[in-house]
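**Student:** Before anything else, here's the structure in question.
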Amino acid sequence: MRASYMFTSESVSEGHPDKVCDRISDEVVDLFFREGPKAGISPWAIRAACETLATTNKVVIAGETRGPASVTNDQIESVVRAAIKDIGYEQEGFHWETCDIEILLHPQSADIAQGVDALQPGTNQEEGAGDQGIMFGYATNETPDLMPAPIFYAHKILRLISEARHSGKEKVLGPDSKSQVTIQYENGKPVGVREIVVSHQHLVEDMTSAHVRERVEPYVRQALPADWITDKTIWHINPTGKFYIGGPDGDTGLTGRKIIVDTYGGAAPHGGGAFSGKDPTKVDRSAAYASRYLAKNIVAAGLADRCTLQLAYAIGVARPLSIYIDTHGTGKVSEDKLEKAVAEAMDLTPRGIRTHLDLNKPIYARTSSYGHFGRTPDADGGFSWEKTDLADALKRAV
């Protein structure tokens with residue numbers, strides 16, 4: 001890698017149209033996991049593949065599910081409206097109370113289910129992967145959360161503004177926003193910020209870019225290391241001059257269109273599969289979480305400064321087809337040893353991942369904005385893939 005360079009990543013807020021859709025899709029997944037046990041259905045039997053489209057005064061939800069019959073369209077609609085309200089949409093072109101919601105969910109294909117379900121419940125018959133695909137995990141020691149600095153700080157800027165908006169401190173700012181941070185690296189380490197972009201919806205129509213900068217600049221400075229912003233840092237705040245019409249009214253949203261924001265901001269490869277709206281039999285989601293977990297634990301164990309890890313699966317096949325690790329020249333042991341160590345330390349079948357990371361829970365709506373990675377593990381099992389509890393086992397295995 002070059003010693004000196006610039007790298008840029010972006011983030012978007014929970015009110016971005018695509019993120020509204022991710023949130024809705026994950027709310028449906030959580031609903032099925034919450035209601036399943038009440039109906040006596042095992043969480044292992046829950047299936048959800050939910051896609052959402054949101055546009056002016058309209059939400060369309062489509063996909064395949066398997067779960068309790070007690071989950072009705074009225075219940076789904078109620079959950080969706082509550083999510084839109086929580087995000088903050090009460091504008092003429094998209095209001096949580098009045099937008100039309102169309103629900104087009106149907107049972108999962110039997111052809112897909114036969115390759116995923118255990119053939120003989122209660123036996124050791126393995127569950128296969130829900131689809132073929134490749135998944136990547138990544139970690140680097142350049143931030144405390146072992147995430148790349150550009151995406152780490154792009155998320156942090158918008159999270160701080162969002163917290164202020166929800167608290168009522170920033171009543172003139174709307175839910176829809178984007179950030180972008182260009183980080184200067186020297187000797188492979190982040191040392192400063194060259195460019196800052198924030199585009200933020202405002203609820204007062206005649207606000208100028210200067211007015212918006214007055215509102216958001218304190219949060220940008222709070223998010224970034226103090227000495228990283230200098231007189232050479234270039235600011236772009238609402239560079240088009242006006243951002244009054246926001247959210248799905250201004251730009252149609254779809255589930256799964258922010259996969260780089262969801263992961264590593266472009267600093268690592270991506271297998272192409274989105275996360276939101278999918279239950280953990282879908283290895284697009286669960287194996288990507290496992291890949292991050294393993295890469296993070298390798299770095300946390302001091303076995304490498306950077307780590308990229310790839311897993312590959314085939315539909316209906318339980319074991320991963322391949323495990324690949326690249327420590328980018330920073331490894332303290334060989335990649336071959338690390339590949340063997342991760343296979344010994346964790347069962348990487350779909351059932352093994354779901355068990356190890358405790359994924360059969362309603363923990364997904366919270367992942368739908370500000371990244372699935374670099375988050376703090378929750379007491380109820382949310383963000384379990386961010387734990388570093390495998391580090392000691394990996395050190396012993398090598």
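Each Cβ is built from the backbone N, Cα and C atoms, and glycine gets one as well.
For reference, Swiss-Prot lists these features for the protein:
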- His16, Asp176, Ser177, Lys178, Lys242, Phe243, Asp251, Arg257, Lys258, Ala274, Lys278: ATP binding site (BINDING)
- Asp18: Mg(2+) binding site (BINDING)
- Glu51: K(+) binding site (BINDING)
- Glu64, Gln108, Asp251, Lys282: L-methionine binding site (BINDING)
- 108-118: region 'Flexible loop' (REGION)
**Student:** Taking the Cβ of Lys258 (ATP binding site) as centre, how many other Cβ atoms lie within 10 Å?
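**Tutor:** Taking every protein chain into account, the count is 25.
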**Student:** Among the binding-site residues listed here (His16, Ser177, Lys242, Asp251, Lys258), which has the Cα closest to the Cα of Glu64 (L-methionine binding site)?
**Tutor:** Lys258
**Student:** Find the shortest Cα-Cα separation between Lys258 (ATP binding site) and the binding-site residues Asp18, Glu51, Gln108, Lys282, and name the residue that gives it.
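**Tutor:** Checking each of Asp18, Glu51, Gln108, Lys282 against Lys258 (ATP binding site), the shortest Cα distance is to Asp18.
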**Student:** Which residues of the same chain, at least 6 positions away in sequence, have a Cβ lying under 8 Å from the Cβ of Gln108 (L-methionine binding site)?
**Tutor:** Arg47, Ala49, Glu64, Thr65, Arg66
**Student:** Please report how many Å separate the Cα atom of Lys242 (ATP binding site) from that of the residue listed as 'Mg(2+) binding site', as a whole number.
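**Tutor:** Per the Cα atoms, Lys242 (ATP binding site) and the residue listed as 'Mg(2+) binding site' stand 20 Å apart.
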**Student:** Let me know the largest Cα to Cα distance in Å among the ATP-binding residues His16, Asp176, Ser177, Lys178, Lys242, Phe243, Asp251, Arg257, Lys258, Ala274, Lys278, as an integer.
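**Tutor:** Farthest Cα pair among residues binding ATP: 36 Å.
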**Student:** Just give me the nearest neighbour of Ser177 (ATP binding site) among the binding-site residues Asp18, Glu51, Lys282, Cα to Cα.
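**Tutor:** Closest candidate to Ser177 (ATP binding site), judged by Cα separation, is Asp18.
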**Student:** Spatially speaking, which of the binding-site residues His16, Asp18, Glu51, Asp251 is closest to Lys282 (L-methionine binding site)? Use C-alpha to C-alpha, please.
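**Tutor:** Result for Lys282 (L-methionine binding site): the nearest of the binding-site residues is Glu51.
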**Student:** Report the same-chain neighbours of Glu51 (K(+) binding site): residues 6+ apart in sequence with Cβ closer than 8 Å to its Cβ, ordered by sequence.
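**Tutor:** Cys21, Ser25, Ile61, Ala62, Gly63, Leu254, Thr255, Gly256, Gly277 - these are the non-local Cβ neighbours of Glu51 (K(+) binding site), listed in sequence order.
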**Student:** DSSP on Glu51 (K(+) binding site), three-state: which is it?
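**Tutor:** Reduced to three states, the DSSP call for Glu51 (K(+) binding site) is strand.
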**Student:** Just checking, which of His16, Lys242, Lys278, Lys282 (binding-site residues) has the fewest C-beta atoms within 10 Å of its C-beta?
**Tutor:** Lys242
